Amino acid sequence: MSLKKFDNDLHLEVKPGTPIRLTSPTSPALAVHYRTLTLDITQTQKSTATTVAPTKNDTQNFFESLHFHSASPETVCQEFNVNPTVGLDTAVHQRRIKRDGLNVFTQSRPNYIWKLLGYVFGGFCSILWVGVLTFFLCWQPLSDPPSITNLALAILIIIVLILQASFAAFEDYSTGKVMSSILTLLPSECIVVREGNQSKIDAKQLVVGDVVLLSAGNKVPADMRLVETSGDVRFDRAVLTGESEEVDGSVGMTDENFLESRNIALMGTHVTNGSAKAIVVLTGSNTVMGRISKLTGNTKPQTTLIQKEINRFVYIIIGLTVVLVLVMLFTWLGWLRVEHPTFIGVVALLVNLMGCVVAFIPEGMPMAVTLTLSRIAQRMKEAKVLPKYLATVETLGCVNVICSDKTGTLTQNRMQVTAIGFADDSSYKPDEVARALAVNSSDSMKELHRAAVLCNEASFDNQPGVDDMRIADRPTNGNATDAAILRFVEGAGGCGAVRQSHEEVLNIPFNSKNKWMLRMYRSTKFAEDSSVTEKGYLVYLKGAPEVVFPACMAYWCSKDNQVKNMDEKARATVRDLQDRWSGEGRRVLALCTRNYTPKNSLGSNAILDEVTTECFMDLTLIGLVAIMDPPRPETAQTVADCRRAGLRFFMVTGDFGLTAAAIARSVGIFTYETNETIVNVRSRVRQTPTGAMVHDADDTDNFIPASLILEGRDLATLTDPEWDQISAYSEIVFARTTPEQKLLIVNQFKHRQYVVAVTGDGVNDSPALKAANVGIAIGSGSDVAIESASLVLLGSFDSITTAIRLGRLVFQNLQKVISYLLPAGSWSEIWPVVLNMFFGVPLPLSTFLMIIICVFTDLFLCLALIMEKEEFDLLELKPRNHRKDHLINLKIYLQAYAFIGTMMTLVAHGMFFLYYWRYAGIRFRDLWFLYEGYTEGFYGYTADELLQFNITGQCVYFVTLVILQFGNLLSVRNKRESIMRADPFRKPRRNLWLFVGAGFAILLAVFVTEVEFVQRLFGTAKVPVEHWLLPVPFAVGILVADEVRKLVVRVWPAGLVARIAW
């Protein structure tokens, strides 16, 4: 967002799909103070407005008056009356939170007028309003005398519109409540210093003056002034600037603009590297993000895949309707008006045409879609699977590739040190280290213990009673790897004495790109010595062995308790030890040390570059630490279930290749005996003819049957043909990958039309999580990962299969709803009009009864279908191809129109003609090609008597359809399974809502046909008792006929019927 000034007013410009820009160019101050700040709005927050009203001058004055960036850290601390070492006390916090409120945004009021107009005129409602206008015109002035029935039809559709608008408003409200309740379950915590202790609190409890500790992976919970940094702290401001480039943090002011100065950490941004201590200066709606939130106004979600499928279906139906209407119109103009001028007048034509249009439009579909998605989202919430957007629910059914991080995702993230080793091939268990340190017998052990204590980011949480807990149970702050080493050294001799005797002067935290961390210390025994810089500093470095080992020129020998020069034997020993431990699935870290005298001042900007370059040589290898992070108990079954569901499950990790491969084999990601590498990939490329397709994303079976392990260094030189080969492997582990390489992997698979889900929990996973079709974060993961993901797992890892199953169930249930609606609500309603206009048969079904079927009786039953559970194990199906597998297809049209719809149409017309024969004595053949002949004197009846016969016959047709639909309903709830094995009474497929819906439909049919004022108003009549009973065996017959179809499909799965079955 960039601020400029036009005629001394501040304007917010919003363009759909682009960042929000706030500009103000004429003021000299603002030209500097509001250069560039951009807000990217998430998928459910994209504004559709083109202009928002000018902001108040107080917003401009507010930004100009901010001074926290220009004041020194001491001044800021004095202003908020806080000691950065001690933090606020509880009493001050309570007073400030009472004064300022919680650290949350004030919710803006939506534009209710626009919302109301959207409910009343949006979607199908616009077409219904055309029907209202037409029926009003047919009442007056086209009818003479005015037809009260047409007026009643217009009023009825208005009632339908009111009901639909009310339902849409209610669903909008309830869906918003469901999604809001889901989002409130997402973790949002931060570490603060209160009364001298570090503690983890809910971010909404922050107040100005709070001292917050930020580290890589955190989302900044308020606007803050940095007062201490690790020297390499960096922030991702993409949520505000829209730019992916990270910015460095600093303690000093770098820009006169509060928004640009790098000593300000803005709410909503992410810490991507390093650590910092900061003072909260603005909270809640007073933050920059809070003020932007007020300006963004109301929002509109994007069209989802399911909505696009629904729209596609509706366009097809509308297209067919328009064709039929035009055929009927031209038939009337060119033939009926000439040959049978008194048969159908203008008013009757308009009523019939609008009846077809209204009947053909699936008015119940929007409600069914919204209810289905909301219901599935609620079920996901119950399973502790939290979709941030409803669109995520549907996309899950299309996922065919899962790229999963290892640590904390496939594993428990409960690491523990299992062994330490030295370059002389000696190794020890943790309890042996503790015994050696207890008797003060080993200098090499002491040095390793000292390095493990000092080169460590973790600390125990200073909660009351922590010291009384077992070391393994104590809560910690920091990453899991350092926490494991912290617990090891605490149990082996403690940390306090070592830390008290060493003063930290420089800290370079670990990051996933460098794969090492460094700390520089001054021993306190030199504190009074003015020549300390001549004596040098202690440097400890911890990292991946293959990264730091080449810089090691010496090593600690445990057997001789002395430092020796590194030789080839020692190098081979270290490599063998690393390979052996990694092959057992253990993470291996190397601890190194050296003395160093800096050339630059420790407080200068040049010191980081100097230390990174100079200290990374002439290292002494102290030893190796083996850390085990056991897989989650449910991981192996989850991988197996995903593979059974047609998904390929890949591992993408920053760990060493052998470690990753061992874990992959233990959880079932790798199943083949040998692992292929980049060498095999290039060999396959050479053997593949030029231009030949290696694998099609639509092919879910023919993958290369091999396990492939690739390391990050292999990815930089890969060509497109090599990526084509890689994407065809059935099993892959990507090891030693950086965040950029994880993003590359996701994009390469997406480029080849795969639908990719990424699971992860760390800041290094966030780029891939955001780029994936579905980003799945672990609820215990970093704020950045949760922010980047579109779905969060708060329960066990196997809930991912629940999410996939429910995502597929959405599509299945909506197909059943459509297959249910089409036979009676479309096919059986069009044929009465066709017989009337083209064959001169008295109209078998009135427009009013068509509307009742589409909007009321069918809706009760299709809503019951939404409650259906899965017919069979949906994980046995292949992932849906969203480019080919549409919601409505030819198979469903054949089922709904040619099969079920034709039976219903024949039975309903049969009941119509049977009524004429039994009660009027008019034979079947005499009702055809009547046209204007159905009038006074036909069969000796008066015009009023013939009209009454026709009205009653229409109600017979209507009642028949209502009853037949229950047979259709019991049929469509199972595509393949027999009702004998999946009836609606017994678990697990019990669905008593079907009978509740059927009861409401019957009651409504009775109301429409039996209530006298409805009869007078809408032209209905009592239906003879036998015509309430005669359709029942035919409804059973429809169910039996479909059962026979299912049986044929099951017995001959490769036959013609099976190939065309839906």
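Keep in mind that glycine also has a Cβ here, set from the backbone N, Cα and C atoms.
Over in TrEMBL, the protein carries these features:
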- 67-140: domain 'Cation-transporting P-type ATPase N-terminal' (DOMAIN)
- 116-142: transmembrane segment (TRANSMEM)
- 148-170: transmembrane segment (TRANSMEM)
- 313-336: transmembrane segment (TRANSMEM)
- 342-361: transmembrane segment (TRANSMEM)
- 817-839: transmembrane segment (TRANSMEM)
- 845-867: transmembrane segment (TRANSMEM)
- 888-917: transmembrane segment (TRANSMEM)
- 951-970: transmembrane segment (TRANSMEM)
- 991-1008: transmembrane segment (TRANSMEM)
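Between the transmembrane segment (148-170) and the transmembrane segment (845-867) there are 3 or more Cβ pairs closer than 8 Å, counting only residues 6 or more apart in sequence, so the two stretches are in contact. Beyond the ends of the transmembrane segment (888-917), by six or more residues, the same chain brings 309, 312-313, 316, 815, 818-819, 822-824, 826-828, 831-832, 835, 844, 923-924, 927, 949, 952-954, 956-957, 960-961, 964-965, 968, 971-972, 1024, 1027, 1030-1031, 1034, 1037-1038, 1041-1042, 1045, 1060-1062 to within a C-beta distance below 8 angstroms of the stretch. Note on the domain 'Cation-transporting P-type ATPase N-terminal' (67-140): mean pLDDT across this stretch is 85. Below 8 angstroms of C-beta separation, residues 148, 150-151, 153-154, 157-158, 160-161, 164-166, 168-169, 172, 314, 346-347, 350-351, 354, 357-358, 361-363, 366 of the same chain, each at least six residues beyond the ends of the transmembrane segment (116-142), sit close to that stretch.
With a cut-off of 8 Å between Cβ atoms, the residues of this chain six or more beyond the transmembrane segment (313-336) that come close are 124, 343-344, 349, 352-353, 356-357, 360-362, 365, 818, 826, 830, 833, 837-838, 887-888, 931. For the transmembrane segment (342-361), the partner stretch with the highest count of Cβ pairs under 8 angstroms, out of 817-839, 845-867, 991-1008, is 845-867.
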